[in-house]
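Peer 1: This is the structure I want to talk about, given as structure tokens.
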Ligand SMILES: Nc1nc2c(c(=O)[nH]1)N[C@H]1C(S)=C(S)[C@@H](COP(=O)(O)O)O[C@H]1N2
Ligand SMILES: [Mo]
């Protein structure tokens with residue numbers, strides 16, 4: 001092999017790899033971050049195959065960054081696999097001494113492979129176009145004379161062309177981003193009065209404190225088993241009620257929307273949330289009480305348990321009794337459920353860990369015998385009620401020289417009655433100011449009505465101001481539940497059944 005042929009071979013390999021990257025970028029430009037994106041199938045495989053303890057550590061230490069890295073790795077490996085196909089097409093082009101063959105055959109290979117793994121026409125076409133763009137720019141079209149006539153400096157031309165095309169595609173891909181719905185955007189004019197009033201009430205009752213979320217979260221956390229959320233077309237979607245029931249049923253979205261609806265605040269917290277983490281948020285949800293569907297189905301089954309299935313392959317099993325008080329929500333803060341939070345329908349199970357609040361819900365299956373859910377198979381125990389927590393999310397220097405500490409407290413359906421703050425490491429305790437309870441809060445219910453309502457599952461904000469002692473000191477917070485129970489001070493990590501302990505922070 002001469003020096004020239006060797007560097008040509010290296011350039012070919014490089015162009016093939018760039019074409020693989022181009023294919024991945026082309027797929028992304030076509031469908032965005034969706035299950036049909038070329039990197040998604042391998043990413044799903046990798047995340048399903050990952051051992052439970054590894055996932056637990058990844059969630060605790062890396063959070064969603066771990067998921068991004070996984071997607072990046074999957075995309076790179078996919079690009080390399082496609083590069084091999086493109087390289088093959090280039091070799092055939094060599095044999096046939098035809099410069100169009102690598103482009104056309106390479107695109108055809110990439111199209112077929114992408115169609116096979118994503119089952120999506122747009123994704124396959126985007127990937128094929130991306131690969132073809134890179135290969136043709138790299139010097140295999142008749143306009144470039146590189147390969148066969150051995151024109152001037154073919155190696156550099158090919159590589160530079162390939163890099164340019166891959167960069168261009170990457171830029172197109174990156175500009176794709178999905179819009180998010182935020183509660184402070186104006187509501188549509190026909191939004192129901194209950195929604196409008198509830199959101200206004202939440203805004204009024206939110207404490208005027210810097211550095212913490214209002215009572216309705218502006219930025220609602222998201223936890224998913226996949227990097228790409230499913231895109232569910234509402235017209236093709238239905239919810240089926242199956243399994244150990246007297247009467248199975250199927251509901252369209254319109255069926256559900258025409259039933260009696262309920263609007264309520266409900267707070268969610270992930271069982272993987274670290275003690276002072278941010279995977280805790282609150283929203284106003286509208287939907288159908290699960291009770292309606294459960295009664296209509298009349299479930300039997302020995303375990304009195306239910307399995308919820310979702311469009312992303314997620315599933316969870318928990319007691320039917322817990323689902324009884326729940327809601328099948330199609331709206332969040334007065335708008336259609338955002339895609340990231342389960343469009344078109346999600347379950348809300350008051351007072352329970354986030355993992356049973358199944359998004360993109362497709363089936364409610366009543367079981368004969370108990371079974372493990374997605375996370376339980378991976379060692380977590382997150383199907384039960386939440387633990388109580390008081391978060392310390394802000395330390396502010398006030399204008400008058402005093403110090404303010406603040407955060408949110410959440411105790412599920414047990415309700416938060418009080419938050420206590422110590423500024424001397426737990427030696428002495430003082431009561432913090434609390435936001436007034438929102439409708440549905442356990443505390444508000446016991447004081448305003450005797451009627452029991454299921455959706456009593458709302459967090460509260462707390463704030464406390466004090467004179468800075470002039471030296472570093474330890475601030476500790478703890479919540480007291482509505483019935484007087486003090487939050488557990490036992491320090492425990494999130495894995496496997498939720499973090500416990502009092503949050504403490506050194507303030508300088
Ligand atoms: N279909 C589906 N539902 C799901 C999940 C998921 O990955 N897929 N994640 C669960 C977990 S672990 C949590 S904490 C909550 C988070 O809900 P959010 O993303 O709306 O905050 O959704 C739950 N429901
Ligand atoms: Mo979770």
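Every residue gets a Cβ built from N, Cα and C, even glycine.
So TrEMBL has the following annotated:
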COMPBIAS  445-454  compositional bias 'Low complexity'
DOMAIN    230-375  domain 'Oxidoreductase molybdopterin-binding'
DOMAIN    400-487  domain 'Moybdenum cofactor oxidoreductase dimerisation'
REGION    422-456  region 'Disordered'
REGION    488-508  region 'Disordered'
TRANSMEM  12-38  transmembrane segment
TRANSMEM  69-88  transmembrane segment
TRANSMEM  100-121  transmembrane segment
TRANSMEM  127-146  transmembrane segment
TRANSMEM  158-175  transmembrane segment
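Are these features on the surface or tucked inside, and what are their neighbours?
Peer 2: Beyond the ends of the region 'Disordered' (488-508), by six or more residues, the same chain brings 53, 56, 59-60, 271-277, 353, 379-382, 384, 386-392, 395, 403, 405, 407, 423, 425-426, 468, 472-478 to within a C-beta distance below 8 angstroms of the stretch.
Tertiary proximity for the transmembrane segment (12-38) is limited to same-chain residues at least six positions away from its ends with a CB under 8 Å from its CB atoms, namely 44, 75, 78-84, 86-87, 90, 106, 110, 114, 117-120, 122-131, 133-135, 138-139, 158-159, 162-163, 165-166, 169-170, 172-173, 176, 178, 226-231, 312.
Sequence-distant contacts of the transmembrane segment (69-88), counting only residues of its own chain at least 6 positions beyond either end whose CB sits under 8 Å from a CB of the stretch, comprise 12-13, 15-17, 19-21, 23-24, 38-43, 45-47, 62, 102, 106, 109-110, 113-114, 127, 131, 135, 227-228.
Long-range contacts of the transmembrane segment (100-121) within its own chain (CB-CB distance under 8 A, at least 6 residues past either end) are made by residues 19, 23, 27, 31, 35-38, 40-41, 81-82, 85-86, 88-90, 92-93, 127-132, 135-136, 140-142.
Residues of the same chain lying 6 or more positions beyond the ends of the transmembrane segment (158-175) and with a Cβ under 8 Å from any Cβ of it are 11-12, 14-15, 18-19, 21-22, 25-26, 28-29, 130, 133-139, 144, 146.
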Peer 1: With DSSP, how much of the domain 'Moybdenum cofactor oxidoreductase dimerisation' (400-487) is helix, how much strand and how much coil, in residues?
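Peer 2: Per DSSP, the residues of the domain 'Moybdenum cofactor oxidoreductase dimerisation' (400-487) fall into 10 helix, 36 strand, 42 coil.
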Peer 1: Per DSSP, how many helix, strand and coil residues does the domain 'Oxidoreductase molybdopterin-binding' (230-375) have?
Peer 2: 27 helix, 58 strand, 61 coil
Peer 1: On the 0 to 100 pLDDT scale, where does the domain 'Oxidoreductase molybdopterin-binding' (230-375) sit on average?
Peer 2: 96
Peer 1: Under DSSP, the region 'Disordered' (488-508) has how many residues in helix, strand and coil?
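Peer 2: When I sort the residues of the region 'Disordered' (488-508) into the three classes, I find 0 helix, 7 strand, 14 coil.
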